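Chemist: Got a structure for you, questions after.
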Amino acid sequence: MSLNLPGYALFFILLVASSGAKPAPDLQILEPPLSSLEEQEEMQEEVQEKVQEQQEEVQEKVQEQQEEVQEQQEEVQEQQEEQQEEVQERGRGTGDVLLRAQLDSSTWALQKDDVLMRLFKDLLRTSKRSRSRYKKGGLRSCFGVRLARIGSFSGLGC
């Protein structure tokens, strides 16, 4: 390995020139690090003041939101009370509560009768052909009556 110093120098110069890096013209522009305790204490006080201001702002926002929520809850309660009063007035004026209980029991008996009637009508509507498919607990097999023998012989029966 031979050292090619002029080649490396030329590469470095081209690299710096292409990147556009320039040395700082005035080193006094850069601020020196905080060296005194007084400056550090001043910075801490400023930070604490900003934190307190932000906390106060957050507390104010929280209080405003709580007040809004309370107002909304009160409105909802008022609406519920109004609705309950309306329902009570309707129920008291006509005596519907007793009639509803009586109708519910009688409609239940009518519903039972309707269900049985529908079942019998459905059974009467079915054709004899479809009724013959069902024997002692349903279809003979998943293939039907004619294909039951073929399915059982082939091993494909259900």
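A Cβ is built for glycine as well, from the same backbone N, Cα and C atoms used for every other residue.
Dumping what Swiss-Prot says about this protein:
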COMPBIAS  47-64  compositional bias 'Basic and acidic residues'
COMPBIAS  65-86  compositional bias 'Acidic residues'
DISULFID  C142-C158  disulfide bond
REGION    32-95  region 'Disordered'
SIGNAL    1-21  signal peptide
Chemist: Should anything in the same chain at least six residues away from the signal peptide (1-21) have a Cβ under 8 Å from its Cβ atoms, list it; otherwise answer none.
Modeler: none
Chemist: Within the compositional bias 'Acidic residues' (65-86), count helix residues (DSSP H, G, I), strand residues (E, B) and coil residues, in that order.
Modeler: 22 helix, 0 strand, 0 coil
